[in-house]
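Undergrad: Please read through the structure below; I'll follow up with questions.
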């Protein structure tokens with residue numbers, strides 16, 4: 001089991017390195033080819049949308065046909081898309097290949113599914129934690145390697161070939177994995193339709209009166225951080241005259257801060273907040289959203305790159321912390337019968353945030369100005385602060401009556 005888990009962790013790490021090396025250089029490449037902010041935003045939005053829709057389908061297909069077969073087929077298609085993306089200078093063709101990449105590249109989902117196949121339920125949390133810790137190194141390594149490669153002559157081609165090479169390496173590792181025998185079943189058009197509908201039926205089956213606040217908070221975090229990465233980082237690069245290599249190091253810096261937040265957030269919650277679960281979560285969410293808002297305001301106002309680095313501290317720390325704390329709050333309020341639905345719906349809500357963010361930022365940048373794009377996540381984050389204030393007040397009143 002340890003050997004398989006090590007292989008899956010390596011696959012996830014190489015995948016994240018490849019993904020971040022490529023995704024962070026696509027936007028500047030499209031701009032260099034003459035793509036408008038709206039076209040780039042639409043490309044990123046459709047990529048995120050197909051990621052949301054394709055994930056459950058790939059997972060269901062792998063339940064029926066086997067993880068290795070589905071993983072290999074989808075990975076080969078994704079690899080071909082990366083090669084084609086590097087060889088073309090056509091914006092429509094890049095648009096098409098990135099869309100297909102979103103539809104077929106689901107390594108993180110399939111690797112977690114295989115962990116669930118081989119690890120006992122009582123050890124799943126530990127296994128996912130180990131895997132996540134190793135994979136998080138990709139957030140540091142990927143942007144740096146992508147930044148170095150893209151600055152060479154025909155650098156985007158080098159990044160695409162590097163990404164394809166890592167994908168092919170992963171396909172080789174996948175062939176060495178052992179897996180459970182699959183059920184005899186047929187994957188047809190009806191089952192595919194069911195999986196697509198499931199994304200929306202999950203959202204419809206939730207008690208929104210009970211959970212809408214937490215889902216909205218997760219949507220805000222996802223929306224805001226996607227705007228920062230999809231639009232604000234390219235804008236920062238232009239304003240401060242950064243090389244793509246420097247951008248890679250900046251994103252790695254962001255990733256390191258986020259990793260520190262993930263490590264410390266449990267300790268912070270335990271040491272600095274009350275023992276009452278509802279009040280603890282709502283107060284911590286409030287403080288993190290205030291930090292998030294201040295960081296975004298600092299990013300908007302920062303006159304120098306050094307000031308921007310300071311503003312990045314609260315953004316990176318609070319966004320990673322909010323991902324964990326809001327998910328914890330959902331799990332705490334769930335029951336055994338609806339926990340899976342709530343978890344899946346939570347990811348779908350965040351996926352919707354990732355779809356809307358590049359589209360909204362592209363429209364604002366084209367109609368108004370790139371500098372004003374950051375106003376959208378600032379407004380969203382302020383709405384998160386207001387909602388957290390209401391939740392904190394409500395929980396305080398409930399605690400007094402108990």
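All residue numbers here begin at 1 and follow the chain in the order shown.
A Cβ is built for glycine as well, from the same backbone N, Cα and C atoms used for every other residue.
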Undergrad: I'm validating the feature mapping. Which of 250-272, 319-341, 342-364 is tagged transmembrane segment in TrEMBL?
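TA: In TrEMBL, residues 250-272 carry the label transmembrane segment.
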Undergrad: Which one of these stretches, 73-96, 97-120, shows up in TrEMBL as transmembrane segment?
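TA: From TrEMBL, the annotated transmembrane segment range turns out to be 73-96.
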Undergrad: With TrEMBL as the source, which of 6-26, 153-173 is set down as transmembrane segment?
TA: 6-26
Undergrad: According to TrEMBL, which stretch among 189-207, 284-302 corresponds to the feature transmembrane segment?
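TA: It is 284-302 that TrEMBL describes as transmembrane segment.
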Undergrad: So which of 6-26, 73-96, 250-272, 284-302, 374-392 is most in touch with the transmembrane segment (128-150), counting Cβ pairs under 8 Å?
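TA: Between the candidates 6-26, 73-96, 250-272, 284-302, 374-392, the best contact partner of the transmembrane segment (128-150) is 6-26.
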Undergrad: Counting only residues 6 or more past its boundaries, what in the same chain has a CB within less than 8 Å of a CB in the transmembrane segment (374-392)?
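TA: Residues 213, 216-217, 220-221, 223-225, 227-228, 232, 279, 282-283, 285-286, 289-290, 292-293, 296-297, 299-300, 357, 360-361, 364.
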